[in-house]
Amino acid sequence: MTATIAPPDAAPTRPSRRSAPARSRTQRREARNGWALLSPSVIILAVMVGYPAGVMIYQSFTDYSVKNKVQGTWPNFVGFDNYIEVFTASQFPDVLVRSLGLMVAMTAFIVFFGVLIAVLMTRLSRTWRITVSVGLLLAWAMPPLAATVVWGWIFDTKYGVVNYLLNTITGTSDFTNHSWLENPWTFFVVLTIIVVWQGIPFVAFTTYAALGQVPGEVLEASSLDGATGLKRFRLVVFPYLRSVLTVVLVLQIIWNLRIFTQVYALQSRGGIASETNVLGTYLFRQGVGEFGITSAIGVVMVVLLLVLSWGYVRTTLKEEEL
Amino acid sequence: MSTQVSSGMQLGTAGVEEVLDGGTPARPRRRSAQSRRPSPRRVAVRTLLNIAALIVFLCSVFPVYWMVNMALTPSNQIISRTPSFFPFEATFRNFVTAWSREAAPGQTDFPHALISTMTVTGGVLVVTLLFAFLASVAVARFHFGGRRGFIVSVLIVQMIPGEAMMFTIYGMIDDWRLMNTLLGLGIVYTATVIPFTIWTLRGFVAGVPADLEEAAMIDGCTKTQAFWRVTFPLLAPGLVSTGIFAFIQAWNEFTMALLLMKGYNLTLMPWLNSFQSATEATNWGAVMAGSTLIAIPVVIFFLFVQGRMTGGLVSGAVKG
């Protein structure tokens, strides 16, 4: 992003000229006031995130179900049974592999095209650059559900513009009544198109901004030294992009692994849920009932995403120099 | 000079404003006679680049255009094997239908869903901004034990998918007798939105130099007065843009709304989903009109804040 002067934190840099006891009193007051200001946020996060996380972990080791909830009885402790069941006697492993595969494909497309478009934007005239950014902004701003509904219509079996165009291009009627969503593979193609279409603008704009940080003199010097094209990009430009691209990559991985809206909406347009579920929709379709099982799935999801986001949290903390 | 993902004030750099200001990455440009009289190769490259730009533009815009086009097309022409590429016989009847028809039997219509969504969004906005503002001031201006721990927790919470805990939260909301209520949904949303809001606002507060406050204190203000008179007015843009983030997130949220809300309490997103999935009888013109109506506020707000959005997302990370 922008190269900035990291804003100095107020408190630590202020030279303290007070005596030791006074200082500790000030410190204690700062701590009290600080926590007082934090408390509303802490309370809502503890109640709405911390507590359910704890409950979820506990329930994942029990056979808690709607029956217990209705009758008010305590569930039995079943150890790792839920986890064993989830991994051996359910579709979960398939869903997990599918989610990971989709995540890799989507992330690769989004980052590749995003960076490509950012580089393109740096080489365009002003008018063209504005045109491209307006297009990207519109794609980005669409609510995901509305976008999916529209794309679903574009790929509609009977009246979709895609089938019409393919018929026109091929000069046949092969695509009349061709259903894109019924076959899981073409379902994933449509899904990937939607997610990539909406994901590219973020990467493109971020990378474009980062490209603006490459000093002109460095580029000039490198071109005088005879570096051209890809070589110049790899050796001169890329180092400036690295930190931004790392964050962008981690975010894309996380976001693409937890997609829900697009998959769910496409499924309700004609996808076969059992063959197209990803982690989020699989969990959702488990339905209310076997809280033990759904909790185990939730725990696996959280652990997976926490492992993946650890890199992000660390990078952020390092860069922010808190 | 290292590229740094840093706090809010400096983050408004990645968006269209910069593009519009012609904030191009500085590029060595040799103004020789050659560049004034372009060589054929140069013209070819330029043309190729412009074609690429045109393709990118068309690909990004087409679905949005198609949505509006379909929304304006009379329903008998929508259901046609040959799509109409331009709304020559533009009609607003689809919008009227979208506005007045129920999503499905027993499920709400657009105005009710709109009111529900606006109520939840408004409530979430106010509570989130208030809580997050206090927290961000604490984090950016105070120094105390546990501050770093809090920030790390906020970052981690952002990364935990709420979807993973959907049934635990469902059970909780049910226990509290808040199922199918706007209050229940609002509480869930507030917890989802608040980490990002704290993080972004923290950047804005930290971006206002503490020296300004100290100068005011030398002039006789108390610490509190100095904050309200000097720092707070400078935070207004930050509050507006983080407010808009929160708005867009709550407006676009689908999973929990789908799980928690029923019948007449549906918010706009589950309304749209039921509206389109009633397979055979679906009035596609109306669905497209509904999508357009739902997208308009988001698009408008988005255009205001997208510059900060990029930066905020890089350092804050959420997706609608």
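Glycine is no exception: its Cβ is also placed from the backbone N, Cα and C atoms.
Please treat TrEMBL annotations as automatic predictions, because they have not gone through curation.
Computed from a predicted structure; not experimentally measured.
Per TrEMBL, the features are as follows:
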- A:1-24: compositional bias 'Low complexity' (COMPBIAS)
- A:96-312: domain 'ABC transmembrane type-1' (DOMAIN)
- A:1-28: region 'Disordered' (REGION)
- A:35-58: transmembrane segment (TRANSMEM)
- A:100-120: transmembrane segment (TRANSMEM)
- A:132-154: transmembrane segment (TRANSMEM)
- A:185-211: transmembrane segment (TRANSMEM)
- A:232-255: transmembrane segment (TRANSMEM)
- A:291-313: transmembrane segment (TRANSMEM)
- With the cut-off at Cβ under 8 Å and a gap of six or more residues from its ends, the chain residues touching the transmembrane segment (A:35-58) are 295, 298-299, 302
- Residue numbers, six or more beyond the limits of the transmembrane segment (A:185-211), whose CB comes under 8 Å of its CB atoms: 1-2, 102, 105-106, 109-111, 113-115, 117-119, 121-122, 133, 136-137, 139-140, 142, 144, 147-148, 151-152, 155, 237, 240-241, 244-245, 248, 252, 255-256, 259, 262-263, 266, 271-272, 276
- Item | Intrachain residues whose Cβ lies under 8 Å of the transmembrane segment (A:232-255), provided they are six or more past its termini | 1, 103, 106-107, 110-111, 114-115, 119, 199, 202-203, 206-207, 209-211, 213-214, 218-219, 222-223, 305, 308-309, 311-312, 315-316, 319
